[in-house]
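Chemist: Annotations per TrEMBL:
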- His69: active site, proton acceptor (ACT_SITE)
- Pro167: substrate binding site (BINDING)
- His197: heme b binding site (BINDING)
- Thr198, Asp244, Thr247, Asp252: Ca(2+) 2 binding site (BINDING)
- 28-324: domain 'Plant heme peroxidase family profile' (DOMAIN)
- 1-27: signal peptide (SIGNAL)
- Arg65: site 'Transition state stabilizer' (SITE)
Amino acid sequence: MAASAASFGVVYLFVVVISMLGSSTYADLSKNFYSKSCPKVFTAVESVVKSAVSKEHRMGASLVRLFFHDCFVKGCDGSLLLDDTASFTGEKTAGPNNNSVRGFEVVDAIKARVEKVCPGVVSCADILAIAARDSVVILGGPDWDVKLGRRDSKTASFSAANSGVIPPPTATLSQLINRFNARGLSAKDMVALSGAHTIGKARCVLFRNRIYNETNIDGSFAKTRQRSCPRTSGSGDNNLAPLDVKTRNSFDLKYFKNLLNKKGLLHSDQILFNGGSTDSLVKTYSSNVKTFYSDFVTAMIKMGNITPLTGSKGEIRKNCRRPN
Ligand code: HEM
Ligand SMILES: *[C@@H]1O[C@H](CO)[C@@H](O)[C@H](O)[C@H]1NC(C)=O
Ligand SMILES: *[C@@H]1O[C@H](CO)[C@@H](O)[C@H](O)[C@H]1NC(C)=O
């Protein structure tokens with residue numbers, strides 16, 4: 001009896017271990033991944049991010065967004081960073097990214113600095129994860145341990161980036177929830193992550209319809225935005241406005257306060273507080289910065305776990321723009 005119970009225990013343990021190995025690749029990510037191979041990675045990344053953000057505060061926002069757009073397309077594998085090659089068209093010119101995502105030069109500078117201290121060790125995908133965290137911290141937001149060990153893809157996919165996995169700013173609430181669910185993220189994760197719109201800017205072409213046509217918008221806020229975003233399509237399309245009306249360079253909870261006051265810039269912002277299922281979360285975050293920060297951190301770690309390449313998959317790129 002005792003012997004068979006013990007052997008059952010061993011077999012059971014074996015099955016559990018095997019199924020863990022098989023099912024969740026992200027279990028391989030860990031905060032200590034580079035502690036032997038590149039202990040200086042954190043100071044190397046941080047120093048470049050710090051100088052870039054002090055030159056231009058918006059760069060912190062741009063780096064956070066790069067991580068999002070990388071992870072939602074084929075997983076957090078650095079695919080967004082690849083330039084077009086003879087064999088594939090990359091993600092940079094896909095709808096959600098073209099004339100929109102930025103910060104690639106800063107990523108190059110980070111990679112160059114990291115290659116100096118430990119050549120060939122740190123992936124571009126991990127650099128994006130660390131740079132996003134550092135940006136949030138530098139702009140006054142929460143700090144957390146970044147999980148590491150992602151490897152870089154050898155290809156990128158224009159069509160995957162265009163397939164709608166990254167929701168457009170015209171999305172309805174249920175579309176937003178569905179697209180995050182499709183990436184293993186909950187509605188709560190989606191609302192917390194949207195709090196990243198407490199920093200950075202958007203182009204007129206993406207909020208024009210909202211400031212001229214929508215009714216769930218504060219009148220004087222709409223007028224102010226209209227001054228730098230002409231009604232006529234094609235004129236001033238690239239004019240910028242802050243996503244957070246007053247504290248654009250500070251990672252605070254004002255974004256959610258704006259939503260309570262109908263001052264969300266994008267349709268997809270205001271839809272989070274428009275009588276639907278996410279209203280109560282927006283209310284909570286608008287008055288409780290600790291809850292916002294802790295849900296944001298949880299969601300960033302979850303987002304960073306989207307199907308990474310680990311083990312011997314992919315490669316460690318030498319240059320983030322090109323496969324080796
Ligand atoms: C919920 C769905 C989301 C939609 C529909 C959305 C949409 C947008 C749009 C349209 C812009 C402006 C782009 C432009 O003007 O070219 C933007 C900017 C930005 N987004 Fe989102 N976003 C979403 C979620 C997120 C998430 C999850 C993050 C990160 C955690 C994020 C971070 C940012 C940041 C930081 C900016 C400003 C970038 C800069 O100034 O360079 N967004 N987003
Ligand atoms: C990207 O934007 C450029 C400049 O506006 C434009 O010429 C090009 O056609 C766009 N690319 C795609 C694939 O839409
Ligand atoms: C307002 O909505 C109408 C009808 O959908 C549309 O034709 C028009 O282009 C919109 N105006 C702006 C400024 O987006």
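For all residues, glycine too, the Cβ spot is worked out from N, Cα and C.
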Chemist: For a quick check of understanding: among the binding-site residues Thr198, Thr247, which residue's Cβ has the most other Cβ atoms within 10 Å?
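Modeler: Of the binding-site residues Thr198, Thr247, the highest Cβ count within 10 Å belongs to Thr198.
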Chemist: Would you please pick out, from the binding-site residues Asp244, Asp252, the one with the fewest other Cβ atoms within 10 Å of its Cβ?
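Modeler: Among the binding-site residues Asp244, Asp252, the lowest count of other Cβ atoms within 10 Å belongs to Asp252.
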Chemist: Restricting the comparison to the binding-site residues Pro167, His197, Asp244, which residue's C-alpha is spatially nearest the C-alpha of Arg65 (site 'Transition state stabilizer')?
Modeler: His197
Chemist: Report, as a single number, how many Cβ atoms besides its own are within 10 Å of the Cβ of Arg65 (site 'Transition state stabilizer').
Modeler: 22
Chemist: Compute the centroid of the Cβ atoms of Thr198, Asp244, Thr247, Asp252, then list the same-chain residues not in that set whose Cβ lies within 8 Å of it, in sequence order, for the Ca(2+) 2 site.
Modeler: Ile199, Lys246, Arg248, Asn249, Ser250, Phe251, Leu253, Lys254, Tyr255
Chemist: Checking proximity to ligand 1 here: which recorded positions out of Arg65, Pro167, Asp252 have their Cβ closer than 6 Å to it?
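Modeler: Going through Arg65, Pro167, Asp252 in sequence order, those close to ligand 1 turn out to be Arg65, Pro167.
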Chemist: Could you state the CA-to-CA distance between His197 (heme b binding site) and His69 (active site, proton acceptor) to the nearest Å?
Modeler: 14
Chemist: Relative to the Cα of the residue listed as 'active site, proton acceptor', which of the binding-site residues Pro167, Thr198, Asp244, Thr247, Asp252 has the closest Cα?
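Modeler: Considering only the listed binding-site residues, the nearest one is Pro167.
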